[in-house]
Amino acid sequence: MKKLTIIGNWKMNKNSQETKEFLDVFNTEYLNNKEKISDSIVFGIAAPFTNLYLFNKNDKLKSVAQNFSNFSSGAYTGEISASMLKDLNVSMVVLGHSERRQYFYETDETVNLKTHQALKEGITPIVCVGETLEEYEAGKTKEVILKQLKGSLKDVNDFSKIIIAYEPVWAIGTGKTATAEIAQDVCEFIRKNTAANVTIQYGGSVSPANIQELMNQKDIDGALVGGASLKPESFIKLLTLNK
Ligand code: PGA
């Protein structure tokens, strides 16, 4: 089986108690389902900064951040640096999620600065791209994706060190998944415009019911999952590919 990278994106959900409860159930369920989870699946949770320390205790489940600063340290009130994340064994960071682009004014330029900071610090960036419903309906998907790739990944030379997450904005949290054909078509386009060895995730209403079909697509190497990653039983089902 090809290598798959499946990451839960918890967004602004769960306090420390709720995180501990998730981990308790997850750890038991993981042992119960271990033989159904392929060794070629890399998995983790992008939890809020304040709970990342709780993931240190599970060596299989990677701790992932949802954002970080493009600066290394200094007078940047409210920011979190790469070295602070590395203290907590964080090995990946989600960058330029559409919610950050929409509500927190992130642009391809800031995502590009953060991508280079992550590469410099040895943290794997998960760079998100995706078109809005309006752009999708206007047939502009590939034009938008190409612009985001060019801007967000400017001057990136080694694509083997990054992950690109294709997340159509119209499919996030809406229950409307892109069909496997649409997702494959865009992911193939992303690979052609970046490099053969880049890891490409699909995200947007991924669930236990549709994960297997999506992961069977040639150019989809994993998933970035919001809602279906919040319950341990459902997250485990994503890892077993619903077996
Ligand atoms: P969703 O979120 O799975 O709830 O659609 C995906 C994401 O925002 O990464």
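Note: Cβ is positioned from N, Cα and C throughout, glycine not excepted.
Taken from TrEMBL, the feature active site, electrophile applies to His97. Positions annotated as active site, proton acceptor by TrEMBL: Glu167. According to TrEMBL, the feature substrate binding site maps to Asn9, Trp10, Lys11, Gly173, Ser205, Gly226, Gly227.
This view paints the features noted in TrEMBL onto the structure.
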residue: Asn9; record: substrate binding site; contacts (Cβ under 8 Å, 6+ apart): Ala46, Gln66, Val94, His97, Gly203, Leu224, Val225, Gly226, Ser229
residue: Trp10; record: substrate binding site; contacts (Cβ under 8 Å, 6+ apart): Ile45, Ala46, Ala47, Pro48, Gln66, Gly226, Ser229, Leu230
residue: Lys11; record: substrate binding site; contacts (Cβ under 8 Å, 6+ apart): Gln66, Glu99, Gly226
residue: Glu167; record: active site, proton acceptor; contacts (Cβ under 8 Å, 6+ apart): His97, Ser98, Cys128, Val129, Gly130, Tyr202, Gly203, Gly204, Leu224
residue: Gly173; record: substrate binding site; contacts (Cβ under 8 Å, 6+ apart): Ser205, Gly226, Gly227
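Highlighted here are the binding-site residues (Trp10, Lys11, Gly173, Gly226, Gly227) whose C-beta falls below 6 Å from ligand 1: Gly173, Gly226, Gly227, in sequence order.
Shown in sequence order, Ile172, Val225, Ala228, Ser229, Leu230 are the same-chain residues outside Asn9, Trp10, Lys11, Gly173, Ser205, Gly226, Gly227 whose Cβ sits within 8 Å of the Cβ centre of the substrate site. The maximum pairwise C-alpha distance among Asn9, Trp10, Lys11, Gly173, Ser205, Gly226, Gly227, the residues recorded as binding substrate, is 14 Å. When secondary structure is read from DSSP and collapsed to three states, His97 (active site, electrophile) falls in the coil class. Asn9 (substrate binding site) falls within a strand when secondary structure is assigned with DSSP. When Cβ atoms from all protein chains are considered, those within 10 Å of the residue listed as 'active site, electrophile' total 27, not counting its own.
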